[in-house]
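*Asks:* One structure follows; several queries about it will come next.
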């Protein structure tokens, strides 16, 4: 018999039903479960797939550059970044008819185009790109890197080039390589690019390979470095009247500590950014020489962890046994990586709007909103994934003997206390926050708004004041104009920083009040509940009171029959599945809050947010309903306008989202009967009965249907909000 899909599981390949196809797709990347897998092949497959991932990333970014160079308006945007709308790419078939063609022909284009809300124009402009030729060069270079990555992936699967398991488990060498080689050297290289290309570019000098060695980024070159006069590199920075991209008002400094924002571009000073990357490079280059490899000097990770035994024995044996546990579990390593990456991604969202690094991006409001929302959603999915792989670690890789009485074992031992504390925090936050919102709703409804319970966030305001915000009148630490820290800040460190905090034109330390207090606690409720579900799922993955032998059933089992008091919904997979809904819910509140607060800030009517955000009806009426009107008018009796694509996506997103419920609120029996009926009709219909299928159609398993439902729910939810966000922001600000 010919080999059938999936080749990696002969048991599954012989399944006579359509389960073969769906289970095959579901387990295609679960290399550990494949036939004939060895530890060596497992590591090699994952290693090779990393190169494939890199190839896809380089190809995608190459495509961005290529399409903007081919169909965009980068060169005309560079001449006037605040008034020309950046074009992402052309639209081949605008829907529908001539009105759509006219509506989407904008940004100085000859035909219908999409506007770019990704910030790539601002990014490329800031780092020194100026012409379409620059963009084409970048696209070709990334295409070349993509090809190299594919070749490297293939090469490392060939017998002579396969790394051994010991190579993959050499933690110290990997740490040194990643810290020094990846973070250190790349940060140093980026500092070099900023100093040699981007900073001269911001001062009107066009540096490329042909004049790279002739243009000194600093008049005295490397002289001050070798004579120890490093402070010279910070002298004569760009003036506050500097026009970005020209020599007007430009200085000569390359590494500064100015603080605050460039007055024209509203972004961080490029010379501050270069200084930051140089400092990061130094720290990581040092860090990458700390671990013991060939020369017998430096730290051994195992020795470090074995020595981590807390005094007094209150945490048992501390980190004993952790080295081998982590080093032998790819799920543990992936969980750690995802947790770190998730936090970093959320930090990127927070910092991209509050400390914009790219020239003029702060004045492109739709891009600001899109990037914040994009990075928060990405962070949510990555963070939930960390707990999923943490749970798989406990089921597949955790060895109780190896971890006796260490911090891991102790987490499992007192999991009841962890869950009950999280549960208490979630209940407290939920009932109190909802109680305040609903009370305020009722007061508004009865015409007595003065009876609302409005709580000033005095502690948060005090923290903002301590960092230099003066408007609250606390007169404490950096907001106290006669304190030593304040006076030092005037001259020594970041003199522009305190000015930036107290300007009302940016997103630093926004003024907060009772509406912020309430939504902050609503978000805290979402975070604590999501965490509770995820932590419970991971800590109960091996067993719970109801099902002590849970680990024998694997990560994602549907049920274990009626005899266990109802064991549906208690696999670690179910916890992940439920947590994703809460994660989406929480990020909904986060993005609603961010967007509404910023819309009112940008429009100059912050009182709308302050007055309407203290009760639920205010959010529904003055944020959601009021801002969806432009969107819904994308198509109207008078024809099509440029928001029509978002109106269509808004409707389509709702459709996808609603489709999810067909899979989420349903029973397998219903689907099985429907399938049997359709198959019966098919087999008895002339012509149709000439086509036979090899596999007997069966309904999806409970877990599979939940996954399909969850995917539709998530995608529809994000599509709907993305359309709302972009249309409501671009409809107001262009």
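Backbone N, Cα and C atoms are what each Cβ position is placed from, and that goes for glycine too.
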*Asks:* If you look at how Swiss-Prot annotates this chain, which of 302-324, 417-439, 440-462, 463-485 comes out as transmembrane segment?
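*Replies:* In Swiss-Prot, residues 417-439 carry the label transmembrane segment.
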*Asks:* Under Swiss-Prot, which of the candidate ranges 575-596, 597-618, 619-640, 685-706 is annotated transmembrane segment?
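*Replies:* Checking Swiss-Prot against the ranges 575-596, 597-618, 619-640, 685-706, the transmembrane segment one is 575-596.
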*Asks:* With pairs closer than 6 in sequence left out, are the transmembrane segment (330-353) and the transmembrane segment (369-395) joined by 3 or more CB pairs under 8 Å?
*Replies:* yes
*Asks:* Go through 670, 671, the listed binding-site residues, and name the one with the sparsest Cβ surroundings, counting other Cβ atoms within 10 Å.
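*Replies:* Comparing Cβ neighbours within 10 Å for the binding-site residues 670, 671, 670 has the fewest.
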*Asks:* Using DSSP reduced to three states, classify residue 568 ([4Fe-4S] cluster binding site) as helix, strand or coil.
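*Replies:* Once the DSSP labels are grouped into three classes, residue 568 ([4Fe-4S] cluster binding site) ends up as coil.
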*Asks:* Short question: most Cβ pairs under 8 Å with the transmembrane segment (575-596), which of 46-69, 135-158, 417-439, 643-665, 707-727?
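*Replies:* Answer is 707-727, with the largest number of Cβ pairs below 8 Å.
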*Asks:* Among all the protein chains here, how many other CB atoms are within 10 A of the CB of residue 568 ([4Fe-4S] cluster binding site)?
*Replies:* 14
*Asks:* State the non-local partners of the transmembrane segment (707-727) in its own chain: residues 6+ outside its ends, Cβ under 8 Å from one of its Cβ atoms.
*Replies:* 26, 117, 366, 369-370, 373, 377, 577, 580-581, 584, 588, 591, 595, 624, 627-628, 630-631, 634, 643, 646-647, 649-650, 652-664, 700
*Asks:* Kindly assign residue 559 ([4Fe-4S] cluster binding site) to one of the three DSSP-derived states: helix, strand or coil.
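*Replies:* It is coil.
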*Asks:* Residues with Cβ closer than 8 Å to the Cβ of residue 654 (chlorophyll a B1 binding site), same chain and 6+ apart in sequence?
*Replies:* 716, 720
